[in-house]
């Protein structure tokens, strides 16, 4: 028998009462760090001296990171304080749509950023021609349109599945794998479809990113200056670590969407791309950058003088 659900219950991150206050403190700090760090990047990259494509993409990335964390973490923090972990049916629909939408945009944006770095390093004389304002805006707009299509399809498909029996989602937010576990129908076709989406949304951009950085590293090896090689290698390596972490967590979650024996593992993996990555991105992509640091220091100095 199919049950008409008006709300779901999120199990939360942990079922141990003694850990709730510790988790609340820890993730409050992580969330605050993510929001403040990304807001700083949004503000700093508006400076007139940083009006180049790389910083435009970083500004968009920071906005996406704030949005992703804000879609998931506040509800999780409330669950640490309250026994009421209900989420309305439409609230769950909205949260799933936003998570998929933002994650899809971020993957395509990371691929665009890798291409931008490839052009800057491997074809510097034509950089301003290739990566002009129109191209940059088009890449972001295309990422947003792709994110909307993917998110609408995924969300609509999940919520057309019949849900029966338990309404408890063994997760800390509404996501595809725990939701399809509640369905009382055969989801094999949907599982194949989500695997296809994972390949298109995560693995293909990841391959493009790896190819771009491989070309960059190949060009770096031709640089005679040891200091320049070391600096560029360090930047590429840190970027690839974050992207690989993002890719690994996403693919392990969505390539086996109905694997019920690994929900606790999937919670940890989901934390990586919804909370940890948004906290790391400002440090990895921006605050390690000398130009960004100099502008930030000048802005702080001006504020102190006032």
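Yeah, the Cβs are placed from backbone N, Cα and C, and that goes for glycine too.
Under the heading domain 'G-protein coupled receptors family 1 profile', TrEMBL lists 37-285. The feature transmembrane segment is assigned by TrEMBL to 20-44, 56-74, 94-115, 135-159, 194-221, 233-256, 268-287.
Away from its own ends, the transmembrane segment (20-44) comes close to residues 13-14, 50, 58-59, 62-63, 65-66, 69-70, 73-74, 76-77, 80-81, 275-276, 278-279, 281-283, 285-287, 292, 295-296, 299 of its chain (Cβ-Cβ under 8 Å, at least six residues beyond either end). Sequence-distant contacts of the transmembrane segment (268-287), counting only residues of its own chain at least 6 positions beyond either end whose CB sits under 8 Å from a CB of the stretch, comprise 13, 27, 30-31, 33-34, 37-38, 40-41, 44-45, 58, 61-62, 65-66, 68-69, 71-73, 99, 103, 171-173, 175, 238-239, 241-242, 245-246, 248-250, 252-253, 293, 296.
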